[in-house]
Structures are given as C-alpha cells and as structure tokens.
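Just below is one structure, and these are the notes that go with it.
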C-alpha cells in the first residue's frame, strides 16, 4: 500500500481501514497475540514520516530547481510527468516523491481557497463601501429636505 501511494506520512487509519477490513491478511491477524493491525499501521506511518523528514529538504530543493509547479488541480501523474521531463527522478524515493507532491498539493489548494476567500471579502468590502456611499448620499439629501422644511 505504501508503494501504491495509498499510505503516506499523513494517512489516517479511518481512511485505510475500509480498504483492508476484508483482506484475509488483516482478518487473520485479528485475535492473535503481538502487534495489532492499528499498531503496525502507526509503525509504518512513523517510519514513512522519519524517511520523509530526512529526505524532504533535498527533494523540495530538487523540485524547486526543476521549477516543478503544483496547482490546485494538478494530479500526481501530471506532477510526475512534469518532473520526469525536466530532471532525473530516479534518485528520489517514490514514496518521498509522492509525499512531497501531497504536501505541495495541499499547500496549493489552501492558497487557492485563501485567494478565493480574499477576493470575496474584497468584493464584499467594496460593495459595503458603495452602500455606505449611497446611504451617505441619501442622508445628505434628507438633511437638505429637513433644512428646507425648517425655513
């Protein structure tokens, strides 16, 4: 599952359990002594996290050097194709490469959401200013009418 990219340093048991719950290897482990499937899962996650942290800087520097870009809609395959065209990725552990992609993809999606939310807030702010300006004109007109009535 690690080689297939189904398990990464950020994987959650709740996402993996539905995949393994009917697997005979999983069901045969249940009720036996020793480590539980959940404990083994966390060991794998820990190992992946340590491996990723060791190699992360080199991989991210390599990707920056290649000018590999990950946008909110970039798929893993698009990313691999882009990196393969530009550089030699054989030196990168595929698990670490996928983990780096996931990290960059999450960052790109978060930035995209923030930009979109920021533009909505800016528009709402501008609309609010326009409304205040229009309301201000209405107040000014009402004051003129009142002053005419007083005369």
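Glycine is treated like the rest: Cβ placed from N, Cα and C.
Lifted from TrEMBL, the feature list:
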type	residues	note
COMPBIAS	114-151	compositional bias 'Basic and acidic residues'
DOMAIN	5-43	domain 'FF'
REGION	109-151	region 'Disordered'
Per DSSP, what is the residue tally for the domain 'FF' (5-43) in helix, strand and coil?
21 helix, 0 strand, 18 coil
Please average pLDDT over the domain 'FF' (5-43) for the predicted structure.
87
